[in-house]
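In case it helps, TrEMBL gives these features for our protein:
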| type | residues | note |
| --- | --- | --- |
| DOMAIN | 468-575 | domain 'STAS' |
| TRANSMEM | 42-60 | transmembrane segment |
| TRANSMEM | 114-136 | transmembrane segment |
| TRANSMEM | 189-207 | transmembrane segment |
| TRANSMEM | 227-250 | transmembrane segment |
| TRANSMEM | 295-318 | transmembrane segment |
| TRANSMEM | 330-349 | transmembrane segment |
| TRANSMEM | 369-389 | transmembrane segment |
| TRANSMEM | 396-417 | transmembrane segment |
| TRANSMEM | 437-455 | transmembrane segment |
Amino acid sequence: MIIKPSQRMSASGCCSYSTLKAWLPILSWLPRYKLKWLQMDLLAGITVGLTTVPQALAYAEVAGLPVQYGLYSAFMGGFIYTLLGTSKDVTLGPTAIMSLLCFSVVGGQPHRAVLLTLLCGLIQAVMALLRLGFLLDFISFPVIKGFTCAAAVTIGFGQVKNILGLKDVPHQFFLEVYYTFYKIPEARIGDVVLGLLCLAVLVMLMFMKMGLGSEDVPPCSRLARKLVWAVTTMRNALVVVAASLVAFSWDAYGHHVFTITGKTSQGLPPFRPPPTSDTMANGTVVSFGEIVEDFGGGLAVIPIMGLLESIAIAKAFASQNDYRIDANQELLAIGVTNIMGSFVSAYPVTGSFGRTAVNSQTGVCSPAGGIVTSVIVLLSLEFLMPVFYYIPKACLAAVIICAVAPMVDYHVVANMWRIRKLDLLPFVVTFLMSFWQVQYGIIAGVAVSGAMLLYNMARPQIKVSDHGVLVMELSSGLSFPATEHLSHIIHTQALQVSLPRSVVLDCHHVSVIDYTVISELRDLLRQFKLRDVQLVFSRLQPSVLEVLLAADLQGLRHTDSVEAALQMENNICNIYDLLTEHSL
């Protein structure tokens, strides 16, 4: 078939457009965009925006940064994810876990936090381009749960000092616990009352939302239900506004009974590259290399945890709403978001479960809802920063505590105990180590999970049955860590007994074989030959059989079934017995 030049150009153009759509998912859904979608995206974007602003301010406190940095981090994700994201529901921005990780690495230094954002984004984007998303599969569920539970406890207790109005409390968890209780007599009554009141209102509204009935109600009741849903969904914004009005009222009459946020920078952040060096208070200049060295393991932990959190959220809502995501494209979206965010003074961001849930429940139809949310954040930066002066820190602390409380999933411990008790080991190690250093907890948990995985590879279960000839069935694959274990069992049960016995090795679970295994099998075949017994392989997969034949193993014998191997060995044994009797 001859293809005309015009046809080749058409095919090439089609291929190029398909590639462009793969890199820019917006080209897939934008041509199908409808007016109804716009209405729903506007509603969802506004709702999420009113949730994002107070949470961003609160999470900046967790990161140890001025509150405006929370808003700096909250708007870039909406624009970038609209272009590159593959989930209609996910919202990118500051989260409790990323804020805690950021603080643990940079210690509340804004310049370093922004540089960390750039480096994390570059790492995430490179992982996406190299298709390295599979690396996240090596972080097990118990490790994730151990980390999130510990993070929730650390973040939640870290806000108790703000509820009490305490100052000069260390950030290291164990010292924080000690000094919080030690300084309770210094608690400010205004902060305590306001903080507890905000907590009570937030918890009440949260339970009201959980208790909303079904859609099968009268129209008037349905209208009331929608009103309650709107109020409970925007509970953070409403509580922050109410608490700020209370603080402003008392302050206007000269009663400074609340610890307030104070002066913040007004206006949009300048668009500029992140600083590559830092200047200490004493004038010492810290170079880029020294800063990266100070980041240490955080440069590995933060990008991976950001990817893990975002992809887990995207997969959960994709399954719930019946669509699919591209994991590597999600990596690219979050990587580019962090890269671009570093130019507007953002600290590392990822997908937010709470705000994504609000986005989905509001009925968002496309990623364009994130643009509306980002516009609300930008308007807040431009016009509302003076108002944020009066936000009480006790109120922000209440918002954070209510946001992280659901992360303490105690049911998972009972489930792991019931299903597989050994999974509690990486969970407990991660949970406890995270109170020392968050990144150490994750690393330790991954190390324990890896050790358990390697142990299972090195000690596969081998089912041994006696049919006149020993039949050994491998319950899993055979790789080089398991060769010594297999060899030990064969020697102790077949070769080193008073009467050596033949063995049929059932290999139907073995799909890959390496040089170490070949070397050990060659030695085993020689040992069997010296003792006048047989080692027969049964049910070998074609790829494995091809490798064994290519290795030219002396004395290699194989059958298609265990029964055939048993028949073969029984015949050999009978012939051997007859020959022995005849010689006698």
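Glycine is treated like the rest: Cβ placed from N, Cα and C.
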Which one of these stretches, 114-136, 227-250, 369-389, 437-455, has the most C-beta pairs shorter than 8 Å to the transmembrane segment (42-60)?
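Against the transmembrane segment (42-60), the leading stretch is 369-389.
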Can you break down the domain 'STAS' (468-575) into helix, strand and coil residue counts using DSSP?
55 helix, 16 strand, 37 coil
Which one of these stretches, 189-207, 227-250, 295-318, 330-349, 437-455, has the most C-beta pairs shorter than 8 Å to the transmembrane segment (114-136)?
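So the stretch in question is 330-349.
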Any chance the transmembrane segment (295-318) and the transmembrane segment (330-349) are in contact, meaning at least three CB pairs closer than 8 A with a sequence separation of 6+?
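Since 3 or more Cβ pairs under 8 Å link them, the transmembrane segment (295-318) and the transmembrane segment (330-349) do come into contact.
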